[in-house]
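The signal peptide annotation in TrEMBL covers 1-20. The domain 'Cathepsin propeptide inhibitor' annotation in TrEMBL covers 32-87. The domain 'Peptidase C1A papain C-terminal' annotation in TrEMBL covers 113-327.
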Amino acid sequence: MKMNRLILPVLFAVLYQVHTLPLHTEEDEYLFKSWMSQYNNKYEINEYYQRLQTFLENKKKIERHNAGNHKFSMGLNQFSDMTFTEFKKSYLLTEPQNCSATRGNHVSSNGPYPDMIDWRTKGHYVTDVKNQGACGSCWTFSTTGCLESVTAIATGKLLQLAEQQLVDCAGAFDNHGCNGGLPSHAFEYIMYNKGLMTEQDYPYKQGECRFKPELAAAFVKDVVNITKYDEMGMVDAVARLNPVSLAYEVTSDFMHYRDGIYTSTKCHNTTDMVNHAVLAVGYAEQNGTPYWIVKNSWGTNWGINGYFYIERGKNMCGLAACSSYPLPLV
Ligand SMILES: *[C@@H]1O[C@H](CO)[C@@H](O)[C@H](O)[C@H]1NC(C)=O
Ligand SMILES: *[C@@H]1O[C@H](CO)[C@@H](O)[C@H](O)[C@H]1NC(C)=O
Ligand SMILES: *[C@@H]1O[C@H](CO)[C@@H](O)[C@H](O)[C@H]1NC(C)=O
């Protein structure tokens, strides 16, 4: 009996390995195990070998990329045991969004604009990077991030606003909870709903809509869309006014981003292809490459302490397809 209990799993593991060539080395497995403990991951034996395989494929992809000549580097992170198909299902917007401000209502000045802006260092205007978890709720984080900033710029008070209220309550404005939505539609919800509560009063946990008007903490007077593909309009808004929400297309290499200026020849650049929403908090230029400084919602372990840089001026991955910001009601 005792022998069986010991031998069967070992035999199973050996057979499994034989089936899933190429074999991995002890070093590979050691690396995978330390990655598992770093991210607190545990698997059943079956899943273990499957995840190890995916992990090693990702690791190879990362090493190949980093050996090449690119403006950004890749690294292992919390997504390293997932295929892009799995990642997409859990973290990205899976349906095309109706994002099409053919003519936005943002009015640009004629500049000139400073070479660099970073709202994180201008004052207390940007909250810490948050973590959306396995839910396609990026649009709610882009929305709260932007409203937190415009409200702080107007009032001097930096609040933490409630993503979950948007996940639970903003469905009437073409938003779909964990299945996606758009910041501009969420700003409209907040405007018509007369307010958004704080994260403290409405924590990030699944549930029914629990909005309490008397606890509303931030308000929207109007929604401003930047005309689609008008990236200079975004520069104008970020330089003169505040951070702006933007959406773009995430493709498979982006999940492994570590640092540098992200560029891609694989992603699309049109409104119908955007699948992730984030917050541009500034811009700058490095060795002749202009870029955006962007706040993501995948926790602080991902990218540059939760942020990433993406090339500016080329509508990279459709980042200028549907950007917007709210006017705060204070
Ligand atoms: C886009 O708009 C159409 C028509 O209003 C609606 O049926 C559809 O659900 C919307 N799609 C999304 C992803 O919101
Ligand atoms: C802003 O753009 C969204 C689509 O992203 C659209 O539904 C909305 O009507 C626009 N709002 C204004 C004020 O133009
Ligand atoms: C999208 O990319 C193509 C190919 O690089 C380019 O010709 C086109 O102008 C771009 N469209 C937009 C809206 O940025």
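The backbone N, Cα and C atoms fix where each Cβ goes, and this holds for glycine too.
Curation plays no part in TrEMBL annotations; they are all automatic predictions.
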Can you give the mean pLDDT for the domain 'Peptidase C1A papain C-terminal' (113-327), rounded to a whole number? 97
Reported in the order helix, strand, coil, what are the DSSP residue counts of the domain 'Cathepsin propeptide inhibitor' (32-87)? 34 helix, 3 strand, 19 coil
